[in-house]
Amino acid sequence: MLSARVLKNTGFLRKQCPLCKSYFWTLRRDQEYCGDQPCVPYGFIGNPPTKISIDSLTELRERFLRFFERRGHARIKRYPVVARWRDDVYLVGASIYDFQPWVTSGAVPPPANPLVISQPSIRLTDVDKVGRSGRHLTGFEMMAHHAFNYPDKFIYWIDETAEYAYEFFTKELGIPPEEITFKESIWEGGGNAGECFEVLVRGLEVATLVFMHYEVKEGKYVELPLKIVDTGYGLERIYWLIRGTPTIYDAVFGPYLDKARRSLGFPEPPSELMGKASVYFGQMDPEVIGLEKAYDIIAEKIGVDPKWLREVFKPQEALYVLADHSRTVSWMIADGVIPSNSGAGYLARLLLRRILKNLKLVGVETPLVELFDMHLKELKADYPEVWEARNLILELVDIEERKYREILKSAPGVVKKAYEEARRRGRAGFDAEDLVSLYDSFGLPPEIVAETAKSLGVEVKIPDDFYSRLAARHAKREKQPEKTLVEMAKIADLPRTRELFYEDPYMKSFKAKVLRVIDGKYVVLDQTAFYAEGGGQPADIGILKHGGGAAKVVDVQRVGHVIVHVVEGEAPPEGSEVVGEIDWDRRYALMKMHTGTHVLIQSIRRVLGPHIWQAGAQKDIPASRIDVTHFKLPTAEEVAEIERLANSVVQANMPVHVKILPRNEAEAKYGFILYQGGVVPAREIRVVQIGPDEAPYDVQACGGTHLKSTGEIGLIKIQKVERIADGVVRFIFTTGLHALKYVQEIERQVAEAASLAGGNRDNLVDSVRRLLQRAEEAERKAQRYTELYAAEFVKNLKAEPVGKYRLAVVELEDEELAKKVAQIATGRDKELVLLVVGGGRVTVYTGGADVGPIVKALREVGFRGGGSRTFAQGVYSGDVKTLIDAVKRALA
């Protein structure tokens, strides 16, 4: 049983719902049901439970934050919606995500205790219901207060949490106490769990009060060292309750919906009808009865024709989807998400395509950027960071819409080919996995597949939760398997290795004691200056000298708290002293590459925009690479500016500072740009700052070895820029002497090219231009001569009758000449079949005959190839007479 002091002191009664069997607390002796959907209908639509007037989400949010500030809670800024501090999920799904796993595990203290926040959150688990149910959103603000109770420091727990909720809803919002129900439940999310109260008013859940004290490990609950108050008050839901509008969308997005309706020429929906439909929809489980079936049931309940109800609802549904999804996508892009085929970008693209699909189904042709821009103006006050990203958001939306339109053009061909493939496999149509494959491979929404399949006489059943399934598949990050050289059990008793490479990155040699040798090749020292592979920087190599012998160090890896050296040759004995010598030239070159990487990625960000985030990196010699999130290939001018900016930082000889800071302090000071290089799993963070404290050029959490100043880099040279995936651009670059060698090689090639062109470097462009002009003139003459020769060749072409066709066989090595001969000959003679052999190729041209039977006959004698209806080409290594006989058999 879950109870609280305020419930007992104010006379709440504990009851059990006869429908869902949940226990709940209420002041009403006559209350029979739990007060939650679907056990009871909404009772607030058109009938709000409070007289207090709150005119905006902004006002409601501020009331909540101030309420808890007055009660000793520190207000903290909202976190990004992209969870860059986590390695398990892409998006923040609740305010507690901000503090998982570091704070909830006890590894890091919270930024304040207790605290209050209003956190934008994104959940796509119910994306298919958005626009239809009247209450579901993909993006919402979770207003929350949190308290973290330690064994030696108690803040507050169940009694105070329930009391705060009771006071907020009754005193701050003016809701009568008898309208409030506290329903007992269990909450689980983000790897943690605990008992909870769901706070309900007139059938709507407006808050969840979770008392988290479990970690979920392999499906089992394990006690946490902390007891955490994890609350969630739905900003949008509470505002809907207060306004009593037909749907949550009308409350949250009212002004935008009005403008969008006028712009698109949509009629105002009958509010009474929408309200009734929302009430009934809330009581149904669409996952059980089906979304389309739900329309039929609702139509029957309110006494209207189902077809008419759909006609009224569909435009509104498209608008509601537009309003919700456009805000969510704008949040994501403003936080650096680029729509793509993977990661968080996949989820952003899914939402954009769902908008476009719904608008197309109701005949909207208005460019999506216009509808987005209209919404961005409404969001400007509450989310200034979204408005700052306006140009980027609109550009990406435009790109995505153009891609979508191209996808729709390809639909008939793609669907037909997929259907033919399904039939070859003995299947009559498309199943759910086929629809997923068509979406992921070609971007085709299932509704478009179904529409196209109708023309083939195929009926397609679309799962009601199709988009939710897609989102679930892509919601979590894939964990990379850890590289383990030795079993932890073999080194668990050893002390932590002292990391000399951090204490002095310029240390070239050192002395150490051998603590353990495993399998004759894995060596653990008490201290080491050999850098262990990590953060995209390769491990150091070198030598371990011992006694009269030496062993090559070929790899260095972290295994838990110790550093393991992989050696070749005679391993030093345990207990002996060794002298380690690092391959310094290689290490120093890698330090230049690593510091150069930080300089370059910040330069890319400053030129291309703040949406740039590192998507991967590898420091190596003679060249390194950085992969960044970007939606198009940078122009030559942009690349030149990036290179210029990076080298200006090198020339400025900025200091490079390394600081060890508590995680919270580092995040508060620098923000989540710290995690440009990825998640750092530590209580304290090693921060690498380029530039002075008052105006740093770049700041990142990093475990690599770095230079003392940027001047040591010498030179940064970008060698190549390419798109390696949708939404990802790769920069290949080099630094220092390797950069100089690269430039010198380019100079050598330029000089050689100039010499070959008959000039020098100063007039190379003019020389090449003259050569190209001559080459073009020669090409024109060659084409003319080919045409003349082909025409003469055709005059002498001999063909023999075979069936109703005429067969000519010629031997030609020149493929261009063969094409021209075939073009002239088959153009004049529609019954001609021309067989061309030569150059290792066999080609068949026809004036009109179907080449299919000919190809079939040729394959029987060893021909490998294919083509179109009147053309086929391939290879054949057998006797030419056998080839000719096969063609004759096909034509006879």
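Even glycines carry a Cβ here, placed using N, Cα and C.
What Swiss-Prot lists as Zn(2+) binding site is HIS594, HIS598, CYS702, HIS706, and the listing cites sequence analysis.
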DSSP-derived class (H/G/I helix, E/B strand, else coil) of HIS706 (Zn(2+) binding site): coil
Cβ-Cβ neighbours of HIS706 (Zn(2+) binding site) (radius 10 Å): 23
Cβ neighbours within the same chain of HIS594 (Zn(2+) binding site) - under 8 Å, at least six residues apart: GLN537, LYS619, CYS702, GLY704, THR705, HIS706
Around the Cβ of CYS702 (Zn(2+) binding site), the count of other Cβ atoms that are within 10 Å: 26
Cβ neighbour count (within 10 Å, all chains shown) around HIS598 (Zn(2+) binding site): 26
Three-state secondary structure, HIS598 (Zn(2+) binding site) (per DSSP): helix
Cβ-centroid neighbours of Zn(2+) site HIS594, HIS598, CYS702, HIS706, 8 Å, sequence order: THR595, THR597, VAL656, VAL688, GLN700, GLY704, THR705
